[in-house]
Structures are given as structure tokens and as C-alpha cells.
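Colleague: Have a look at this one before I ask anything.
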Amino acid sequence: MIDYILLIISTALINNFVLVKFLGLCPFMGVSKKIETAIGMGLATMFVLTVASLCAYLVEHYLLTPLHANFLRTLIFILVIAVVVQFTEMVIHKTSPTLYRLLGIFLPLITTNCAVLGVALLNINLAHNLTQSVIYGFSASLGFSLVLVLFAALRERLTAADIPLPFRGASIALITAGLMSLAFMGFSGLVRV
């Protein structure tokens, strides 16, 4: 049990996919202008990452490895992720049309979010079992969602701030992301990985 807690902490905080591994930067910068949108994108990504980790483990161990088709891993994982994203998109469209409109093009772009594919491939490379794969996917999405919501809150505050003209827009957003990355580096001594 303690191993799973350490896996959650190390994946969500210490080895954060956005601030440490630099995966998932497109939705991080694109959807982080409003907190409501960031929360919706975080929840959608959380669902997709967790389910995609489960599906990728099952496909790897029950389809690709027995058939010695490991060379197709990336292609098959992209197809699995696309199916999971389509399912998520249909659910959000039926349950919350407002959130569906707010997320816009970024919802189908979860398919090409490199963090989702990165988690699936890292699960295989780290030789996680089924439980560890699901927890790793959930933890990565938890860290992604946490950073996304915190960054959206900071960007909302920045819109009200008096920022010099050369730093407005993407410049101050990148500076803020860099400062967040420095803050998350403070967690690096928390757990030995």
C-alpha cells in the first residue's frame, strides 16, 4: 500500500508530466485561460489517462506480446487512445453540453496529447503491473490536472495585473510556467524514486 502512495506522490508532484517531463504542453497553454475550462479539461484528461493506461496494459500483455507484435505498440496505443477519447467526447457531449462547447477543439486533441501516449509507453518501459499501470495513469493525470488548474488560476490573476506591454500574452504565461516548475522542484527530495 505504501508503494502505491509513493507512486502517486512521485508521479503527481515530483515527476510531473507537464513541469518535469514537458509532456502535454499544448493543452497546458491552450486551455488554461479560465479555471472552469481547466477543471473540465483536467477531469476529461484524468478519465482518458486512467482508462488508456488500463487498456494499453491489457493490449500489450494479451495482444501484442503473445503475437510478438511489439513493433506495432505505438500505432496500436494511438488507436486505443483515440477510441477512449471518442467515448469521453460522447459522454461529455451528452452530460455537459456547456463544457463540451468550452473545451472545443481541445477535447479531440487529447488523442494527440503526448502525455497520454507517454504514460502508456512509460508503463510498459517501467514494467508496471496492472494495478501500478492504472495508478500511474491516474497519478499522472492528477498531476496534470493540478498544474493545469493552478496555472489557470494564475493566468486569471494575471489578466487583472498591470503587466508591462512586452511581457503580455504568451511571454508572461511562459515565465509563470517556469516559476511553477521551480516551485515543483521543491518536491524533488520528498520521495526517492
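In case you wondered, yes, glycine gets a Cβ from its N, Cα and C as well.
Taken from Swiss-Prot, the feature transmembrane segment covers 5-25, 39-59, 72-92, 102-122, 134-154, 171-191, and the record attributes it to sequence analysis.
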Colleague: Using a threshold of three or more Cβ pairs below 8 Å, and leaving out pairs closer than 6 in sequence, do the transmembrane segment (134-154) and the transmembrane segment (39-59) count as in contact?
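Modeller: Between the transmembrane segment (39-59) and the transmembrane segment (134-154), contact is present.
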Colleague: State the non-local partners of the transmembrane segment (102-122) in its own chain: residues 6+ outside its ends, Cβ under 8 Å from one of its Cβ atoms.
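Modeller: Same-chain contacts beyond the flanks: 17-18, 21, 23-24, 26-27, 30-31, 34, 36-37, 40-41, 44-45, 48-49, 52-53, 56, 73-74, 77-78, 80-82, 85, 88-89, 92, 136-137, 140-141, 144.
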Colleague: Other than its close neighbours in sequence, what residues sit by the transmembrane segment (171-191), given a CB gap under 8 Å and a spacing of at least six beyond its ends?
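Modeller: Residues 6, 9-10, 13-14, 16, 19-20, 28-29, 32, 147, 150-151, 154-155, 158, 163.
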Colleague: Could you tell me what the rest of the chain brings near the transmembrane segment (134-154), counting residues at least six beyond its ends with Cβ under 8 Å?
Modeller: 4, 7-8, 10-13, 16-19, 24, 27-28, 31-35, 37-39, 41-43, 45-54, 57, 115, 119-120, 122-123, 126, 128, 176-177, 180, 184
